[in-house]
Amino acid sequence: MTTPAAETSEETPVGRSAGTSWVLRRVRPLGGDPVDVVLADGVVAAWRPAGSTHAGAGGLPAGTTVLDTDGLILLPGLVDLHTHLREPGREDAETVASGTRAAALGGYTTVFAMANTNPVADTAGVVEQVWRLGLDAGHCDVRPVGAVTVGLAGERLAELGAMASSAAGVRVFSDDGHCVSDALLMRRALEYVKAFDGVIAQHAQEPRLTENAQMNEGTVAARLGLPGWPAVAEEAIIARDALLAGHVGSRLHVCHVSTAGSVEIIRWAKAKGWNVTAEVTPHHLLLTDDLVCSFDPVYKVNPPLRTAEDVAALRAGLADGTIDCVATDHAPHALEDKETEWAAARPGMLGLETALSVVIETMVIPGRLDWAGVAERMALAPARIGGLPRTAAEVWSSIAVGAPATVTLLDPAPWRMVEPDALASRSRNTPYAGRSLPGTIRATFLRGRPTVLDGKIV
Ligand code: DOR
């Protein structure tokens, strides 16, 4: 793909020909030594010596397309545990089709679609609708997240069992955007999902401690005169829920961890042997609360951007596995909901098309994660937490022969300027506009079928 070459070789420039089998020539699986990787019948069919395969070579299925992928890194298809696709209800901000296009361009092959739609995804009917919209769009797998409580109101449990046994096969339940703040309801939800190995993904925000909160509580908030969102409001809920998960022997997943104290509590809960997992967003790995001084609502997000000390602890926690995975919290918002005064603006940032680049900048370039670590934190761990089929999750780690050809090809070298108008999302609320980020997704394959070639949707 780097040197598609009319005159140099028999290789096919990416995008010009659509075979059902593909050779990734001189690709570097998990950043290792180059090999030729054959994708056929939806799986990784063979590894061959680097550069040995050319169009018309023996042993290749008819119609094989050879891609020059020299220097590109082959990763398992990325899995996002935390995406807002906004359909049904806010199709002006995002649709399943536009959001999954953004996902594929970002290297994702599965996204978990959050339940805070309108109507809320709190019944088998709505989760099946979202799941079918994902199938129709075809850009990546869509796994709907079911709401924990009816209407996200935090008062009574939604039909968790019905959503689990629906065609959508829901395993992750979350009121994200809202905290399940009632301890008894949280306990009941944790108990209930054990029956089908589900997980409760908690948006940890003690509501009374965050009433009217506008940004991280701290010196910047004091200077700007904005009401603060204290770290303890997150940490208190995580500590409570970790204790509950340990008590009932169930699975808790903590959404968008944002403070150093939260990392410590999760480390403690894991040391206790409790089944607690956690995610961090790309923006909490890179950005800090002093950006709020601009009063640009693009930096308004929930949980809020925190301090440099928090960012350092989050990076360390992701590196040592205390934080299991990166999840985007891709939160598209229409212009009128974002381009307004700070207090009225909705919280949330786009993330799907820039997540891997931010992880490269904050974790790979400084040597905190290697490419196998990126695969673990952005594909394998979220697949495990989200209950994706075990066979697929296991083989993804190695991109071994027989693994589903659900992979992404990354050119790690170039830095590119983020241009909001060039994004596939229907919304424009990226906090990285005009900023240079490293790495470009060149291709994404879903079970052997390209969804992105040459950086463009197929
Ligand atoms: O900033 C956020 N936006 N945080 C959330 O938890 C919800 C999300 C949204 O839905 O916009």
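Note that Cβ sites are derived from N, Cα and C of the backbone, with glycine treated the same way.
The Zn(2+) 2 site recorded in TrEMBL includes Asp176, His203, and the single candidate from His253, His256, His283, His284 that the record places there is His256.
Going through Asp324, Asp329, Asp337 against TrEMBL, the one listed in the Zn(2+) 1 site together with His82, His84, Asp176 turns out to be Asp329.
Pairwise Cα distances among His84, Leu85, Arg86, Asn116, Asn302, His333, Pro347, Gly348, which the record gives as the binders of substrate, peak at 17 Å.
Secondary structure from DSSP puts His82 (Zn(2+) 1 binding site) in a beta strand. In this structure, His203 (Zn(2+) 2 binding site) belongs to neither helix nor strand by DSSP; it is coil.
Report note: the Zn(2+) 2 site is defined by Asp176, His203, His256, and the residues of the same chain whose CB lies within 8 Å of the CB centroid of those residues, excluding them, are His82, Met114, Ser174, Gly177, Ala201, Gln202, Ala204, Gln205, Cys255, Asn302, Pro303, Asp329. Considering only the recorded positions Asn116, Asp329, Pro347, His82 (Zn(2+) 1 binding site) has Asp329 as its nearest partner by CA-CA distance. For the pair Asp176 (Zn(2+) 1 binding site) and His256 (Zn(2+) 2 binding site), the C-alpha distance works out to 10 angstrom.
Distance noted between the C-alpha atoms of Leu85 (substrate binding site) and His256 (Zn(2+) 2 binding site) is 17 Å.
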